[in-house]
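According to TrEMBL, the protein has these features:
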- SER146: active site, phosphoserine intermediate (ACT_SITE)
- ASP96, HIS209, SER211, GLU369: Mg(2+) binding site (BINDING)
- ASP96, ASP374, HIS378, ASP415, HIS416, HIS492: Zn(2+) binding site (BINDING)
Amino acid sequence: MLRANAASVIEHYALSNRRLRIKISVIDSCRVDKEEREYHPRWTHDDVSAQSTARVDPREASAEFWRREAQDALSERLARAPNTRVAKNVVMFLGDGLSVPTLAAARTYQGQLEGRTGEEEFLSFERFPTVGLSKTYCVNYQVPDSACTATAYLCGVKNNYGTIGVTAQVPRRDCAASTDNSTHLSSIAEWALNAGKDAGIVTTTRITHASPAGAFARVANRNWENDAEVLVDNADPLVCRDIAHQLVHEYPGNRFKVILGGGRRNFRNETVRDEENSRGRRHDGRDLIEEWQEERRRRNENHAYVWNRQGLLSVPLDETDYLLGLFESNHMQYHLQADSESEPTLEELTEAAIRILSKNPEGFFLFVEGGRIDHAHHDNFARMALDETVEFSKAVQRAAELLSEEDSLLVVTADHAHVMSINGYSRRGRDILGLSDDRDEHGVPFMTLSYTNGPGFRSHTAAGSRPDLSGEDLTHEEWRSHVDVPLDSETHGGDDVAVFARGPHHHLFTGLYEQSQLPHLMAYASCVGPGLTVCSTDGASTTAPALIALLLVMLPFMRL
């Protein structure tokens, strides 16, 4: 009887224990489901086939589609032979502010312009064989500007925020410190000139802006684009020459064969109106555009100065050795807002530059900047940022068509990132510039492309919810994306940026590295500059085996 009761009690406790474990398991399962719902919500639009703005390729539903895509890509990689030739020509393309999210959004935008879902697209340079990442910080700043980054990727040395072409021993705005020649740096454009090559710069910003200035200027403040700006900082413009003056009168800028961009105002006096009736900004009474032309005449050099698209297209490029084109008083216009009759595209500027520079049998170095990607981001103009990126991609594509992969190295990168992100759980093919399929906790929609900060701030409602943007004209090119940190101008981001390379020694650009390594890698491939080059190492590699063979022959005699 006692044994039976004991057995019954044990069975009761065992059953209770199993029930308890089941309850705990159910509770844990509910907790997991709750977390899963929070982290990866199940929305009502899971059936994307009926709701996408563009149809997804039905072949993507099969495993074979993706296996074949991977095998084709693998075969393409295996078929590409190493290219260890000397790079006769080097073109560096700089997408100012071209962050990795901007790349992904722009390729989607490009595809959607052509009626496809977009996510599967490629920008022209995204098919280059080598991709790497560079670290963009300044010596004294965690998040950089375009001045210290230009010094890094063109001069090969990191320096201070806001300074160009000088070492980190020069504080910003310190004119006296910048006059010390030991702080002065040389760019890869100068290295190319010293090697007998030609050089040029192309940009959609002012030609004296921070990025192109990295190729020729040495200044303690990036804002010193004209003499008046030097005076603003209580510095002497005769001691610390402004950027425009350096471009026209100092080496290496005064030997650039091609100078194309905006910024006429920094070359002419404030009393002078330019070809489009805009006043200059200089205070010294000088006309640097005329001085540039006078120097060409003095040297008896074939040259041309142009200020609009018609002028550019009329230049006989095969007969012109020096070309100066300044197409706006300030920056060049955004592509979406430009007058196509008077404003050349970045693609057209790039082609003109390459055709002039290609006449040198020794080769050339060309810097090309899509500079207004950055400006659009600063204003939270997402549409214009993506459109400028697509225009930038067209310029790269044209260069790839004009230059042989066998002897021309193309490098595409950015100077820094921005704070735009791609977010929410939208269905495939959803308008990249539209509202996400998601809603916030108040049921208010938000944009697929969102910025952390900038001028697009809108106050929250009295109930504490975000404003509903769905009633605004989201298609306007100057529509500002909503942000929650109000600033006059959106900030840069401190992310690493992508580097794409095609041509001789493209494999050197893989991996993660300091941004300041970039000109050294380009110089190595093209045999310019003071550092290690493929030309110097080739000599060592061919001599070493001969020395070893000679030693082996002499070894028996040496033992005697």
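Note that Cβ sites are derived from N, Cα and C of the backbone, with glycine treated the same way.
Structural mapping of features recorded in TrEMBL.
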residue : record                                  : Cβ neighbours (10 Å)
ASP96   : Mg(2+) binding site                     : 27
SER146  : active site, phosphoserine intermediate : 26
HIS209  : Mg(2+) binding site                     : 27
SER211  : Mg(2+) binding site                     : 27
GLU369  : Mg(2+) binding site                     : 31
ASP374  : Zn(2+) binding site                     : 28
HIS378  : Zn(2+) binding site                     : 21
ASP415  : Zn(2+) binding site                     : 29
HIS416  : Zn(2+) binding site                     : 26
HIS492  : Zn(2+) binding site                     : 23
Return only the integer: C-alpha distance in Å from SER211 (Mg(2+) binding site) to SER146 (active site, phosphoserine intermediate). 6
Specify the nearest of the recorded positions ASP96, SER146, HIS209 to ASP374 (Zn(2+) binding site), where nearness means the distance between Cα atoms. ASP96
Whole-number answer please: how many Å between the C-alpha atoms of HIS492 (Zn(2+) binding site) and ASP96 (Mg(2+) binding site)? 10
Considering only the recorded positions SER146, HIS378, HIS416, which fall within 10 Å of GLU369 (Mg(2+) binding site) when distances are taken between Cα atoms? none
Cα within 10 Å of HIS209 (Mg(2+) binding site): which of the recorded positions SER146, HIS378, ASP415, HIS416 qualify? SER146
List, in sequence order, the residues of the same chain other than ASP96, ASP374, HIS378, ASP415, HIS416, HIS492 whose Cβ lies within 8 Å of the centroid of the Cβ atoms of the recorded Zn(2+) site. GLY97, ASP145, SER146, ILE373, HIS377, ALA414, ALA417, HIS418
Using Cα-Cα distances with a 10 Å cut-off, which of the recorded positions SER146, HIS378, ASP415, HIS416 are near ASP96 (Mg(2+) binding site)? SER146, ASP415, HIS416
